[in-house]
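Q: This is the structure, below, for whatever I ask next.
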Amino acid sequence: MSQPCLNAATCFPDATVALGYRCGCQTGYTGSTCQNDGRICKDDTCWNNGTCIEVNSTTVDNNGTTFYCNCSESFTGVHCELKVNLCVNITCQNHGICRTVNMSWSCICLTPSLYYGNYCEIQTSALKVKQALSKSFASVAIVALVLTCSFVIIMDILKYVFKIDPVKAERLKQMQAKKAAKSKQKAPNVAIRFQYVA
């Protein structure tokens, strides 16, 4: 009546023993109340929904166990404790990250507006346009810098090597214009004489 037998064991009345009952244990359990679990395949032997299969004790598996875990497709290991990593030999380009999902790998492109493809190896048209524009601006800046430097060098060569000053006439004109402006601004000296008439 008190159900003293554990682990789904069957209780039998037995007046020949001190307890007055005997427990008929399930396979793998021992003890007076079937409290000892001696099963090779327990509920927690195989993880992640793996199925435990007992191996004949005379043919022990190469990992030293007498059981085999039939793992679900995403896991491996003696107890199905290791997640299958298909990204071991996969290299994603342009800072992409490889992920194993449903037993297949895929590269997750961190900047999908710039790169796409199985390995994030293909540039988007937006990135190509940006690169072309930056190259164009760089080219224009380099050409402008070269022209400016060339102009300065040529002017120095003309002035100091050939004694030709291309801007001398322009400077003289500016100086004459300044002198003329100054002379116009000066008031003429006028002598005023007062004469008293009696």
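Backbone N, Cα and C atoms are what each Cβ position is placed from, and that goes for glycine too.
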Q: Taking Cys71 as one end of a disulfide recorded in TrEMBL, give the other end from among Cys80, Cys87.
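A: When TrEMBL is consulted, Cys71 turns out to be bridged to Cys80.
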Q: Would you list the DSSP helix, strand and coil counts for the residues of the domain 'EGF-like' (83-121)?
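A: Helix/strand/coil tally for the domain 'EGF-like' (83-121): 0 helix, 13 strand, 26 coil.
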Q: Cys25 (disulfide bond) has how many other Cβ neighbours within 10 Å of its own Cβ?
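A: Its Cβ has 21 other Cβ atoms within 10 Å.
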Q: Give the nonlocal contacts of the transmembrane segment (137-158) in its own chain as ranges (CB under 8 Å, at least six residues past its ends).
A: 164-167
Q: Neighbour count, 10 Å Cβ-Cβ cut-off, for Cys71 (disulfide bond): what number do you get?
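A: Around the Cβ of Cys71 (disulfide bond), 21 other Cβ atoms lie within 10 Å.
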